[in-house]
Amino acid sequence: MAVGSSSSERSLEETPTWAVALVCAVFIIISVILEHGIHSLGKLFQKKQKKAMLEALEKMKAELMLLGFISLLLTVGTKYVAKICVPEKIGYKMLPCKSSEVKSADKTAGSESGDYCGKGMVPMISSSAVHQLHIFIFILAVFHVLYSVAIIGLGLAKMKKWKTWEAETRSLEYEFSNDPARFRFAHQTSFVKRHTGLSTKPGIRWVVAFFRQFFGSISKVDYLTIRHGFINAHFNPSSKFDFHKYIKRSMEDDFKSVLGISIPLWMFSIIFLLLNVHGWHALTYLSFVPLAILLLVGTKLELVIMEMAQQIQDKATIVRGAPVVEPSNKFFWFNSPQLVLFLIHFTLFQNAFQMAFFLWTVYEFGIHSCYHESMAAIAVRVALGVLLHIMCSYITFPLYALVTQMGSHMKRSIFEEQTAKALKKWQKAAKEKKKLRELNSKGGVTDNSVSGIMSTENTPSRGSSPVHLLQNYKHRSSTAESEIDIPASPRAYTSETELSDTDSSYHARDHHDNLHHEFSFSRS
């Protein structure tokens, strides 16, 4: 029963205390379970060093807090908003259903306006309508979170195939085929042959790029070429760098942006509700907007790969070793790879919005309400929404995560996280050394005994200090850009692997256990 729709409803004065206590207990228990679940998930991310996912969880909590404030304001303000009266001429304009049906329904219901609105005046919005809007905002929040979780899940599932390609880069066959001593014509390389030829024609290349996103959007040769170009631009070309791990961390970092609901997205929600007028068919037209944006983004990302192949062919006739692609923001619209991420975010939110709106109208008004005049249109919109989300999660988002590595800048925050973790390990080892010194002072153990214990426990000496290690790395490096604070070049980042290899006293066993979970790039 809608709030305030009947004067026969019992107040708390007429409600049994056991019923009040039971309802409160149920809501409190559910809320506590959800709160503990989110807290446990955060501790799990923290334990597994998933900094990006932890920040995404914090953003989700912030969004839930915002929705909580909206819910509170709607609950408190319902009584006052429902008493706002407007002229009848305005009150029956821009209705989602036929005005004749709405007027008839108002007369049948007796219209609440008779109590406080004068003649020719109607409530701007009834209390029951505010309650229904309250439910819609809740459904929208749930769907946006579910869609966001699905996009990262399907995206990581797509990237599992890339892990086998990454493993191949450590094989002798890969090293032989990409030996710098080998020379080939540029047009004979697999990458150039795949993306040139007929697809270089101005009009045809858009058609090829459009269909390629559905069938083999990323091939092994695409992955290996982009990987080689990224490493060649930011690290020593002979580095052993886990590019797959980096892309995975990069996707998790982008997930933070996808999860939030920004002000432009809230503005779109308001515009959508405003334009949902009977006879305008705004719902039908807007359902094709995310489809058009997603297809355009996917086509553009495929065109970026084609442009990279064309760049290789135009740059040199002879290729030495593996073909090298030079990262540049000029491949992207307005020299901004982040614009592509915003369009993906907008597509995801709009799709979630329309699906939430559909389920809300079915729940509140039934499948045969004025919101759903054509069952065929309903079926098309629902099927389109599901397919669109699968395509965005499994094809476009992973494609974006890979191709945008060819931008001019890399994500330093990911490497700063690895450096911080290396310093924490050294700090932990230093604390263990301090404890052993305290035992020495209490138990009278000789300095030689302590030295033997320290060697056994793999605790850090002066040579394993992070500052000392970074200084050693600076002297060994071929460049003068290796500064500990903010390196001028990403090549200056000292990995956890290099810190470990410099001094054998650096917790060798712990490093070996965690090696496969970190980036690995070292001079071979």
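The backbone N, Cα and C atoms fix where each Cβ goes, glycine too.
What TrEMBL records for 446-464 is compositional bias 'Polar residues'.
Under the heading compositional bias 'Low complexity', TrEMBL lists 494-503.
The compositional bias 'Basic and acidic residues' annotation in TrEMBL covers 504-524.
Annotated region 'Disordered' per TrEMBL: 437-524, in sequence order.
Per TrEMBL, the feature transmembrane segment maps to 18-41 (among others).
Per TrEMBL, the feature transmembrane segment maps to 62-82 (among others). Non-local neighbours of the transmembrane segment (62-82) in the same chain are 3-4, 112, 123-127, 130-131, 133-134, 137-138, 141, 144-145, 259-261; each lies 6+ residues outside the stretch with a CB under 8 Å from one of its CB atoms.
Per TrEMBL, the feature transmembrane segment maps to 133-157 (among others). Residues 60, 63-64, 67, 70-71, 74-75, 248, 251-252, 255, 258-259, 261, 269, 348-349, 351-353, 355-357, 359-360, 363-364, 389-390, 392-394, 397-398, 401 of the same chain lie 6 or more positions beyond the ends of the transmembrane segment (133-157) yet place their CB under 8 Å from a CB of it.
For 258-277 (among others), the entry in TrEMBL reads transmembrane segment.
Under the heading transmembrane segment, TrEMBL lists 283-305 (among others).
Residues or ranges marked as transmembrane segment in TrEMBL: 339-363 (among others).
Below 8 angstroms of C-beta separation, residues 147, 150-155, 157-159, 162, 213-214, 217-218, 222-223, 226, 247, 250-251, 254, 258, 283-284, 287-288, 290-291, 294, 297-298, 301-302, 304-305, 340-341, 344, 347-348, 351, 354-355, 358, 367 of the same chain, each at least six residues beyond the ends of the transmembrane segment (375-403), sit close to that stretch. Taken from TrEMBL, the feature transmembrane segment applies to 375-403 (among others).
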Looking at 18-41, 258-277, 283-305, which one has the highest count of Cβ pairs under 8 angstroms to the transmembrane segment (339-363)?
283-305
